[in-house]
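Asker: There's a structure below that I have some questions on.
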């Protein structure tokens, strides 16, 4: 899809406005599909990055009767205050549904070591590939060691993310194990992206305004400053059912 120069320069948070407008103008009724895991399996490890992205994914998987566990491993999220808010929001929603939640290590220094030399790469570039690789490697390893034949991630539900990039990293991580496969389901189809916003408003989730890493935060704030907007204030913005 062709992107204008303006779209190429804008940080990911601004895409939220476009998504909300699309959802508001859409007359397509939401129909939740019946999900089936690959190869007839019924046990799944779901890598989750945050509550807004995982809300619809969790409800869809739960409605399909699939036995799943959430795996939260996101050392890319900085600063610590932001990381803790996103994690606690995810835990809150998991507890509401009675879904097991694995709180993996906040391997922050390892992430920075792997990101060295990529500090100025754009989003959707090689730094993001490294970031997906790192998180999915851990998810695949946990799946292998704990009897999960399938793993997937909610990252792909965001229209700002490159789904092919995410799926490539997921399959690459799973290829290391004979007993694990990556499920590259398109969470956006069937109204998934619209439902993601609806659930976020219903649950009043914390609304993060950048992807997660300090470089994304830096670039988003640079764009905001250049366009006369206030810098991001960590922990301030939450979804509202009235908006």
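Note that Cβ sites are derived from N, Cα and C of the backbone, with glycine treated the same way.
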Asker: What range among 1-30, 31-60 does Swiss-Prot record as region 'Disordered'?
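Answerer: Per Swiss-Prot, the stretch marked region 'Disordered' is 1-30.
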Asker: Look up residue 128 ([4Fe-4S] cluster binding site) in the DSSP assignment and report helix, strand or coil.
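Answerer: Going by the DSSP assignment, residue 128 ([4Fe-4S] cluster binding site) falls within a helical segment, counted as helix.
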Asker: Looking only at C-alpha atoms, tell me how far residue 49 ([4Fe-4S] cluster binding site) is from residue 213 (disulfide bond), rounded to the nearest Å.
Answerer: 12
Asker: Name the residues of the same chain, 6+ apart in sequence, whose Cβ is under 8 Å from the Cβ of residue 50 ([4Fe-4S] cluster binding site)?
Answerer: 74, 86, 89, 90, 208
Asker: Determine which residues of this chain, when 49, 50, 128, 131 are set aside, have a Cβ within 8 Å of the centroid of the [4Fe-4S] cluster site's Cβ atoms, and list them as they appear in the sequence.
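Answerer: Filtered neighbour residues, in order: 74, 76, 77, 132, 135, 155, 161, 211, 212.
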